[in-house]
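Read the structure below first, then the notes.
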Amino acid sequence: MSNSYATTGARPTPRWKKFIKSNLLTFLTVLGVFGGTALGLLLKNSEVPWTEREVMYIQYPGDLFLRMLKCLIVPLLVSSITSAIGSLDLSMSKKIAFRAIVYYFTTTICAVVLGIILVSTIRPGTGRSVDTIAGKATTRQVLTADTLLDLVRNLFPPNIIQATMFQFRTILTPPANATGVPLTAYKINSEFTQGTNVLGLVMFSVVLGTCIGKMREKGKPLLGLFESLSEAMMIITSWVIWISPLGVLFLVAAKLLEMASFMEVLGQLGWYFMTVMLGLFVHGFGTIAVIFFLTTRKMAYPYIGKMSQVLATAFGTGSSSATMPITIRCLDNMGIDPRVTRFVIPVGATINMDGTALYEAVAALFIAQLRNIHLTFGHIVAVSVTATAASIGAAGIPQAGLITMVMVLDTVGLPAEDVTIIIAVDWLLDRFRTTINVMCDALGTILVNSLSKKDLAGEDTGRLELAEPHELVELRPDQKE
């Protein structure tokens, strides 16, 4: 034994130390979620209520972390999609895109149907009064047709630089001195509201990547630029990610301090909350897992276990777009082909909102039950279609589902103000549905990669070779002194 130690120069590292070292960040992030919950509950039990400014101070470290992640979204999204598509043959890009879109569409429909079945069976809104539940929220008058048209308009931004900062939306203004006028008679205006037009950037990146792929040799210098930018963003992500335990801790603690009495809210909306939570759990760990197994012949749970870091970050930030850099890094470490990861994840973070679709379907039918409105089968089908469309239109930002909820309510003739009924628990449900959204995106990427392995193996030209993040920021063992 002494001779073997002499030749190697060091004792072998115990397995438990290797395990802790490789999973340290995951443990710290999960600990940040539980630590933030404990800190928030502890501070909330103080005799003097917390002021808005004091809560802002507590949330400040978390806000800084969230800002760092959001700063990476635009350059990472554009460079990842462009470089991934540009490095593939056009026919290969079509196959990957087709498989991803079929997966997104299937899972979203399954989520909506599951939500409708649960809310129709459990009936959480039966026997409750609307007046005792309603909260406060700001709503705007909007037609479903206008929302869908704005969705398509945002796919084609007039200015790509403007699209990084603003989104287009239609504004309906009531006529002067008129009461009881239908929305269809309102004056139509428009405005650019602050917020990244993710759909427009995705469309531009797909078109640009396709163009670079068709240019072949002439397009390689531009392709190299986007590949380098994508690598640079992943290196920066590997730096920022170490702040995630602290950022998540303070974000969760601040949200708990902002919340009203949880037991009071749960007493009013408990059945609704449990219906949504049951739907999210069954969809994430049941429906998606079954689809994954039938497609890949592999169990999804070992992969989900490796996503603890990603899921904890998604819960803490409540934003699938902000979690995107960490999701890509996690899948890179799993050995997923970067050409698939850098296309499927950014697109999925934009249009694949399974949790949001399920939540909006449940919420619309729950409010209808509260109002004692009987919905026909046609109304339920309309809710399914609208919830699917609204989930695509929901940008990957916190509580975006609450905005598109107005569109679903309009489908069944419910006023926009009824959004206030569910506002009390929306912030918490938003974090759970974001976690499911991110998990479904990651599993979808693994699924598409599995289906595309043979095709990718035959792709000899223009292969996107990206270094692993740890290779870019760490020394190899033989280089260490």
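Note that Cβ sites are derived from N, Cα and C of the backbone, with glycine treated the same way.
Owing to the predicted nature of the structure, the values given are computational and were not obtained by experimental measurement.
Taken from TrEMBL, the feature transmembrane segment covers 64-88 (among others).
The feature transmembrane segment is assigned by TrEMBL to 100-122 (among others).
Look at TrEMBL and you will find 192-212 (among others) tagged as transmembrane segment.
Tertiary neighbourhood of the transmembrane segment (233-257): same-chain residues 25, 28-29, 31-33, 35-37, 39-41, 43-44, 50, 55-56, 58-66, 68-69, 72, 75-76, 79-80, 309, 312-313, 315-317, 325-326, 328-329, 332, 427-428, 466, 469-470, 472-473, selected by CB-CB distance under 8 Å and a gap of 6+ residues from either end. Among the features that TrEMBL reports, transmembrane segment is placed at 233-257 (among others).
Sequence annotations record features per position, and here TrEMBL assigns transmembrane segment to 269-294 (among others).
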For the transmembrane segment (269-294), out of 64-88, 100-122, 192-212, most C-beta pairs under 8 A are with 100-122
Near the transmembrane segment (192-212) in space but 6 or more residues beyond its ends, with Cβ under 8 Å, are 73-74, 77-78, 81-86, 90, 93, 97, 151, 154-157, 160, 162-169, 219, 222-223, 226, 321, 346-347, 349-351, 393, 395-397
In the same chain, residues at least 6 away from the ends of the transmembrane segment (100-122) whose Cβ sits under 8 Å of its Cβ atoms read 271, 274-276, 278-279, 282-283, 287-288, 291, 343-344, 347-348, 351-355, 357-359, 361-362, 365-366, 369, 380, 383-384, 387-388, 391-392, 440, 444, 447-448
